[in-house]
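According to TrEMBL, the protein has these features:
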type     : residues : note
TRANSMEM : 21-46    : transmembrane segment
TRANSMEM : 58-83    : transmembrane segment
TRANSMEM : 95-120   : transmembrane segment
TRANSMEM : 126-146  : transmembrane segment
TRANSMEM : 205-228  : transmembrane segment
TRANSMEM : 240-261  : transmembrane segment
TRANSMEM : 273-292  : transmembrane segment
TRANSMEM : 298-320  : transmembrane segment
TRANSMEM : 332-355  : transmembrane segment
TRANSMEM : 361-385  : transmembrane segment
Amino acid sequence: MAKVNRARSTSPPDGGWGWMIVAGCFLVTICTRAVTRCISIFFVEFQTYFSQDYAQTAWIHSIVDCVTMLCGLGFALCYSPAIAMVGKYFSRRKALAYGISMSGSGIGIFILAPVVQLLIEQFSWRGALLILGGFVLNLCVCGALMRPITLKEDRTTPEQKHVCRTQTQDFKRGSSYSTWTKEWVQTCLCGSLQQEYSFLLMSDFVVLGISVLFMAYGCSPLFVHLVPYALSVGVSHQQAAFLMSILGVIDIVGNITFGWLTDRRCLKDYQYVCYLFAVGLDGLCYLCLPMLQSLPLLVPFSCTFGYFDGAYVTLIPVVTAEIVGTTSLSSALGVVYFLHAVPYLVSPPIAGWLVDTTGSYTAAFLLCGFSMIFSSVLLGFARLVKKMKKNQLRFLAKESDPKLQLWTNGSVAYSVARELDQKDGESVAIAVPGYSST
């Protein structure tokens with residue numbers, strides 16, 4: 001059986017085969033995120049066929065979207081590794097590469113939304129789902145483009161391999177209840193896991209995870225309830241599908257332009273802030289949505305929400321990499337998308353239940369909006385507290401160590417010279433009894 005040749009590099013190439021990885025990830029996002037978001041077009045068909053209320057029907061989209069994001073199930077076997085591979089191949093132009101990759105979701109929605117509506121009219125919802133299933137088989141082609149790469153930080157040293165091999169042999173000779181067993185589990189088995197998932201103990205990552213829960217709760221229901229809401233205010237079926245297409249194409253613009261802008265030198269250090277800005281503005285869009293009850297008003301909403309949705313989706317891997325580093329990025333993204341999936345399962349049914357209970361979409365949209373705003377405020381507050389603590393520690397360090405107090409009048413050089421003179425005088429006094437430095 002032929003061995004797979006792994007591409008080796010000491011640093012991310014920022015190009016070359018990396019652009020093929022971007023192309024593969026682009027197709028993966030079309031086949032996964034775009035297809036699942038187009039499930040909302042089936043909402044009215046499902047509701048009519050199964051004669052169920054909003055809450056019950058919303059479970060269909062929730063289960064599909066949740067399984068998409070969960071690592072190890074459904075599309076996640078393709079989606080999460082593809083996103084992580086882009087981070088392996090790019091460093092300097094990482095945000096732009098992620099922007100192009102993630103734009104597949106917007107392009108897919110723009111193309112698939114009217115196509116799916118046409119397929120439903122021609123072949124019913126069953127035939128449309130079968131055709132979509134055949135289209136998703138193109139994921140096999142995308143997987144063939146993913147060439148592994150081994151970076152410098154990913155390689156294990158010969159000493160680490162030797163220690164692990166030696167302890168493995170000792171484990172085989174030792175008793176299952178001996179202390180050697182516990183040490184081996186801690187150093188070899190648990191050691192690798194602790195190194196791979198050590199980011200779970202980082203306070204910054206914990207805050208990011210909590211923020212992702214609230215952000216995911218807010219962003220999911222719109223893709224389920226936008227079409228039904230548009231129909232409820234008098235928009236036709238084709239126009240409602242057109243709103244999803246607008247959302248998709250502007251999502252592309254947000255993916256690429258925001259990724260390119262945040263890679264510029266002036267914004268490179270503010271990618272975290274840009275992420276908070278995009279999430280918060282999406283929340284504000286939600287708060288305005290109940291007042292928009294006609295097609296001319298819903299079109300600007302789709303443009304604004306779609307742009308900032310594409311913006312923050314592009315920056316999720318970038319912000320995660322900033323917190324955990326490149327080595328643990330794949331595992332960290334798996335955890336982030338796992339947390340992303342939990343609200344995806346429950347938020348559309350909760351929103352549907354609110355619609356059934358209140359008889360309008362106002363409560364559902366307001367809850368989603370405040371959830372996204374809280375996500376942004378939480379991350380911003382945690383960042384501010386961390387910066388204040390860092391400044392406080394820096395101030396205390398300067399107070400405790402006089403050598404860190406810098407002046408421009410040469411007093412530091414004078415104080416250091418004086419300390420050296422005192423030390424020389426003490427050494428001379430020890431060597432020559434009766435010597436006095438004064």
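Here the Cβ of each residue, glycine as well, is placed from N, Cα and C on the backbone.
Please treat TrEMBL annotations as automatic predictions, because they have not gone through curation.
Only sequence-distant pairs (6 or more apart) were considered; of these, fewer than three Cβ pairs between the transmembrane segment (240-261) and the transmembrane segment (332-355) are under 8 A, so the stretches are not in contact. With pairs at least 6 apart in sequence, the transmembrane segment (361-385) and the transmembrane segment (273-292) have 3 or more Cβ pairs within the 8 Å limit; the two touch.
Residues of the same chain lying 6 or more positions beyond the ends of the transmembrane segment (95-120) and with a Cβ under 8 Å from any Cβ of it are 18, 22, 25-31, 33-35, 37-38, 41-42, 45, 82-83, 86-87, 89, 127-128, 131-132, 237-238, 241-242, 244-260, 262-263, 271, 306, 310, 313-315, 317-318.
By the Cβ criterion (under 8 Å, sequence separation of 6 or more), the transmembrane segment (332-355) is not in contact with the transmembrane segment (21-46), since fewer than 3 such pairs are found.
Remark: the transmembrane segment (126-146) contacts the transmembrane segment (21-46), by the rule of 3 or more CB pairs under 8 A. Same-chain residues lying 6+ beyond the ends of the transmembrane segment (21-46) with a Cβ under 8 Å from its Cβ atoms: 52, 57-58, 60-61, 64-65, 68, 75, 78-79, 82-83, 85-86, 89, 97, 100-109, 112-113, 116-117, 120, 125, 128-129, 132, 135-136, 138-139, 141-143, 145-147, 223-228, 231, 237, 241, 244, 248.
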